[in-house]
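Annotated features in TrEMBL:
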SIGNAL    B:1-18  signal peptide
TRANSMEM  B:30-48  transmembrane segment
TRANSMEM  B:76-96  transmembrane segment
TRANSMEM  B:102-121  transmembrane segment
TRANSMEM  B:148-172  transmembrane segment
TRANSMEM  B:178-199  transmembrane segment
TRANSMEM  B:211-231  transmembrane segment
TRANSMEM  B:312-337  transmembrane segment
TRANSMEM  B:370-398  transmembrane segment
TRANSMEM  B:419-438  transmembrane segment
TRANSMEM  B:444-468  transmembrane segment
TRANSMEM  B:475-498  transmembrane segment
TRANSMEM  B:510-532  transmembrane segment
Amino acid sequence: MQDEQDRLVAAVAADPRYEALVARRSRLGWTLSAVIFIAFVGYLLLIAFRPALLATPVGTGITSLGIPLGLGLILLAIALTGFYVRQANRHHDAQMAAIIRDHGA
Amino acid sequence: MKALLAAWALLLPTPAFAAALEGEVQRQPINWVAIAMFVAFVGLTLWITKAAAARTRTASEFYTAGGGITGFQNGLAMAGDYMSAASFLGISAQIFTDGYDGLIYSTGFLVGWPILLFLMAERLRNLGRYTFADVASYRFAQPPVRSFAAVSTLLVVSFYLVAQMVGAGQLIKLLFGLPYAAAVVIVGGLMMLYVLFGGMRATTWVQIIKAVLLLGGASFMAVMVLAQAGFSLETLFARAVEVKTQAALATGASADQAAQQGRAIMAPGGFIKDPVSAISFGLALMLGTAGLPHILMRFFTVPDAKEARKSVLWATGWIGYFYILTFIIGFGAILLVGTNAAYLDGQGALRGGGNMAAIHLAHAIGGNAFLGFISAVAFATILAVVAGLTLSAASAVSHDLYATVLRHGQASSADELRVSRITTLALGALAVLLGLVFEKQNVAFMVSLAFALAASGNFPVLILSLLWSGCTTRGAAWGGTIGLLTAFVLTLLSPAVWTTTFGLGDAPFPYSSAAIVSVPAGFLAIWLISLVDRSPRAAIDKAGYPAQRVRAETGIGAFAASDH
């Protein structure tokens, strides 16, 4: 059981498709992390350095620009999470399963 | 079921009784509706605990509910673990007072979740079994890294727990009219029952039920608030600004000043004292979320990486939705609570203290019955959070310290279970004791300290052990410890502790959170120590990386629900 697992791990590691898939998936993970990180830090920097901009009303109303930005950040977090899960369900899982299957699991 | 029926029987005649109490001049009369609803909640959860107890006979059941929780259930439970009474009452109260600033907190508490998914969730599930230390120590010498993880877990949990216990005592004193000590003992006692007998299964259901109740109650409040404003956010904001402007006029401000003060709730105000503090605090919230032991532990309750992913999506969705509701509720409180003299004391402040905005709003919307409901939900909320915290600390002691470090992995499941139960008892007693000791202390800094510790110790260790082949045992154990210590010492030297809590004058460390220094310090220390580590163990650690990586990425050899 343990030997069989070790053999499988070694075989998968040597498969160029595995390396490509992991690289693609981890690039997606880091890119999305960077997007949410930059969006959040950018939001904090706006609050710190351009509070007047956030206080500007949207259009002619009373709602300030800061409100769609803040609520938008919450929605962005949910949307990015959903996007990652969709990519994983639609593409990554099946591709990884195919690689493992090819090496006899 | 009997308990439920009894609770319902208790519930029915109470509104009249509570209404009769209204006329009394007691400042905090005993709220019978709240107590009846709370008794119903406790009855239901104890019944679930009893059912769970029959199955909680192995360590795997105790730690992870056998790994059979679905992604949807786990997502709700994570949300239940994370949405504390402090965030519900605190953020809505902050919006009630300052308007916009409350939203900044909310975004900070949410943005850690996507990062947890993108970088860690699947890998955690693929490598781990019971605790995050399983993952952090995967290819390393067990005793040093496990000991670090256990100490870190105990520290994070202790501070978080004390803050929750003190908050619970104050809140329940306020809402239910019970003495502080009684409230703390009730919370500690119930939490022990859940964890002791029902383990992860009961804890999960307590969290799920609490999440549903809290989301349901908050949704109702938000809809009622929006109905008042014709379902237009613009109208809601305009009326809130009008209320604030009138309030400023009443204090004798000129028309211009009053208009300016009214408009101030639409823009960031006092939250940001200086940019460095803002970024530092934001970092602690964002990265700390991905290092909280009781949250990380929840990833091992689902069968596989796919369900782990789904958990985070649900958790992020529910928590984000909850913060949007809190935002609306806070503005609703400006409209409905801030203008009603019944909820204000002579000076125009909220009766019962600053955190009561959402509670008074519940009364304004649904009378005593709904006030009782929301109070009971707030109580249930605290229970769910402390149960999750205690379970994760008990697991760190029994699985990481006892079974792995002390018994070198030779402990039987029964032994491990016994140690976790003893630890639960000890922790419960300690939590009650600390709750009593800290009654009069300002413990607000403790939650942000817990987040800073998690962000500076656990998060760097997990990320580097998962993603950097050069990380070694020494690097992880000592570097992680340096991160923790830096966060701890700088927090002691920061204004919230140095000046506010101990009254020692100007703080040596001027920023509100340690994270901006301590997170890089943790990463840097792990990196440097690993780099100069020439020990034989370091060679083994590095050689173990390729196989760990394949297992983390593919899930080959992951603990499945069946062999848990």
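Note that Cβ sites are derived from N, Cα and C of the backbone, with glycine treated the same way.
Of the recorded ranges B:76-96, B:102-121, B:148-172, B:419-438, B:510-532, the transmembrane segment (B:475-498) has the largest number of C-beta contacts under 8 angstroms with B:510-532.
With respect to Cβ pairs under 8 Å, the transmembrane segment (B:444-468) is most closely packed against B:148-172, considering the stretches B:30-48, B:148-172, B:312-337. Through the fold, the transmembrane segment (B:178-199) approaches residues 30, 42, 45-46, 48-50, 52-53, 56, 61-63, 65, 165, 168-172, 205-206, 382-383, 386-387, 390-391, 394, 421, 424-425, 428-429, 431-432, 435-436, 439 of its own chain, all at least 6 residues removed from its boundaries and within a Cβ separation under 8 Å. The transmembrane segment (B:370-398) is not in contact with the transmembrane segment (B:102-121), judged by fewer than 3 CB-CB distances under 8 Å for residue pairs 6 or more apart in sequence. Residues 71-72, 74-76, 78-79, 82-83, 87-88, 91-96, 99, 102-103, 106-107, 109-110, 113-114, 116-117, 121, 211, 214-215, 218-219, 221-222, 224-226, 228-229, 233, 236-237, 239-240, 243-244, 265, 343, 350, 357-358, 360-361, 364-365 of the same chain lie 6 or more positions beyond the ends of the transmembrane segment (B:312-337) yet place their CB under 8 Å from a CB of it. Of the Cβ pairs linking the transmembrane segment (B:211-231) with the transmembrane segment (B:76-96) and spaced 6 or more residues apart, 3 or more are under 8 Å, so the two regions touch. Here the transmembrane segment (B:76-96) does not lie next to the transmembrane segment (B:30-48) in space: the count of CB pairs under 8 Å, restricted to residues six or more apart, is fewer than 3.
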